[in-house]
Structures are given as C-alpha cells and as structure tokens.
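One structure is given here, and the rest of the page talks about it.
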Amino acid sequence: MVGDSGQLHLTPDGHSSLTSDTAVISPQDPTLLIGSSLQATCSVHGDPPGATAEGLYWTLNGRRLAPELSRVLNASTLALALANLNGSRQQSGDNLVCHARDGSILAGSCLYVGLPPEKPFNISCWSKNMKDLTCRWTPGAHGETFLHTNYSLKYKLRWYGQDNTCEEYHTVGPHSCHIPKDLALFTPYEIWVEATNRLGSARSDVLTLDILDVVTTDPPPDVHVSRVGGLEDQLSVRWVSPPALKDFLFQAKYQIRYRVEDSVDWKVVDDVSNQTSCRLAGLKPGTVYFVQVRCNPFGIYGSKKAGIWSEWSHPTAASTPRSERPGPGGGTCEPRGGEPSSGPVRRELKQFLGWLKKHAYCSNLSFRLYDQWRAWMQKSHKTRNQDEGILPSGRRGTTRGPAR
C-alpha cells in the first residue's frame, strides 16, 4: 500500500509501500470498472543512479509486465497502457510498481478494478424466543464485486423512531447480522440492507415484519427413545415442549426424523401434530436408529404466520428388539392414546378384536392390551416359523405366515 510520504517497499505478503521519494506514479490509487483501460506514468525525480526512463519497468502483483505495454515519453518518464482490465485479485487493491534497472522499487500505486454493488435481496429474519433478531441476505445476482464492499443492516419502527444500524455481523454466515436486544413486540419493524464500495452504493427493498411472526425456538430438550416392550418393529419417542416459551401463549407442531445407524438418509415423519410423544412403527427389528425432533412455534399471541422450524435436536439412539423375520423397514408415527391410521395397523386391529374376545372381559381398548396382543402375535409368528423349518422342503415354498 502507498503511504503519504510517497515511499514504497515490498512487505512479506507481497504488498508494497514506499521507501524513497525518487519517483511518482500517476494516477495514484485509481478505481476503475472491469473492462476499462488504464494509462499510467512513472516519473523519476532528481538523478538517482540508473533511474532513467529507458531503464525502468513495471510489475503488477509481483509479475513483470511485457515491455511492449510500456513506452518512453522522455528521459525521466515511462508510460504504461493496460486495456480490458480484469477484476482485482485482492479486495485491498492490486500492486502496480515502477522499478529501476537494478530491480529496486521507485514508486507504487494500488489499482482497484471491480463493479459497483448490486441491490441486496432475499432478506430473511427470525427471532429466537422473542429475545433477539437475526437477519441474512443475498448480496446481489452476481455477488462478487472484486472490491471491498460494506453491507449495513438498518432497521426502525415502522411508524416512528429513528434509523438503527445492526452491529454484530457474520453471525450465521458472511451476509448476516444479529440484533441482540431492545426489540419491541406488537409493533412492525422496517428492515433493509445498504451496500457501498469505491464504485457506488445500492439499497435493498424494505422488509416489514412483526417479531411475533418470525419466532423460532430451541430444539426440543430431553428427547428419549425407548423400546415398546417386546415389539420388534416399534420405538417410543418422548420429548419436552420448548421451555423458553412456557410463559407465552402459543401453539406448537413437531417433526421427527430418523435413520438407521449405517445410513445418512433421514426419513421424516410430518404427522406428529402438537403432541410430545409418539411411536415409530414399521421399523426393522434388531436395528439401531438415530432419532431427532424439531419444533415450530406458531400462533404466538394470535399471530397468523406459519412459524419457523427450530434446529433439530441432538441425535438420540435406540435399537429395536431382534427378530427372526425381516421387518418392512418403513416408519410411521402412532400417537400415544390416538387411533392408529395406517393400513397395516387397521388389519392388525381387526385381528386384535378377535383376539380380545378370547382374552379380555371388557370393551375398553387400550395400548396396554394392544401391546400384549402384538407381543402374542410376534411370539406366535416365531413359533410358526420354527414349525415351518421342519417341514419337507417341497412344502416350504408354499407355506404362508399370518396376514399383517
């Protein structure tokens, strides 16, 4: 970089600064659009040894420029012509340096070549438990300006109040900012982003939002996954509603996702509703599953917006009991205390009604009796498999197990 004294020297990282007042480059530190041309001169002052125009040469970012790009104007001045300039290789400017015949540095200039900022867009914001506000945006259709570009997030109350500038940048990415406190509820905010660099400025459209409409929360805590007795194709999942919002009027809906231990593919269960427990059914017996839960708080103090999903909880692992028969490998959520709704469960329920006539003396169906029946069915199936194992080989291919 060039100092006020006009002296320049190379630093260890390849930049330059002045060491002697023997020459000057004009123009000094120009800023140009990509595709522009540059006409520059290096003029020697006084009579330094070996520093005549015929012995001078140019470098750009440490690389010597071709002699045909230069021409001698007089005994002390060397001109340089560059056409169709590319964007600067570094946002702090490219180093254009004038050298004496022996390679010593006579003068230097920073060359800034880039684009003005584009209009920022796609602003999105969310509030963690109504205590703060985080926003992020897209810098522009092309994004890269090749120049240092400053982005400022501004906000104000819609009908009154002064403009405020966000101060905590890069909290969730390169184009983001966090407002930690002092936010008003029940009053809309206007939010926008301003972008500026050496070639100009741009301003985004204004986003109007109410904090209550963009609330998210922490992942559900205390997620527990356990077996359901001896049922080899089910796991029970329980969790706690978000404690940070316990004092506020709101609704919540949940999603569960799970995967087997040796897979990276998650299966999502969307029909959990607002319960804090459910069963995963149709799983593979003898398999380790990782389970996560997330929460979407909505309708806070009557807000009509859809709400924003929290992050997923930390994975919780559990395994289904082993079985001699392969499981279907699918998965559904059976709400505890609710009515089973999947096709296979309906068929099992019909069989359960028949079993209930023989083993129960009241009509009050419960999950406990249902669990006992499922365990009895699995035990019966295992016994049948063992019986089929001693059948003659000619009959094994035609024997069928009980309907599922």
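Note that Cβ sites are derived from N, Cα and C of the backbone, with glycine treated the same way.
Straight from TrEMBL, the features:
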DOMAIN    119-214  domain 'Fibronectin type-III'
DOMAIN    219-323  domain 'Fibronectin type-III'
REGION    1-22  region 'Disordered'
REGION    314-345  region 'Disordered'
REGION    381-404  region 'Disordered'
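Within the domain 'Fibronectin type-III' (219-323), the DSSP-based counts of helix, strand and coil residues read 6 helix, 46 strand, 53 coil. Per-residue pLDDT, averaged across the domain 'Fibronectin type-III' (219-323), gives 90. Residues of the domain 'Fibronectin type-III' (119-214) grouped by DSSP class, helix first, strand second and coil last, total 4 helix, 46 strand, 46 coil.
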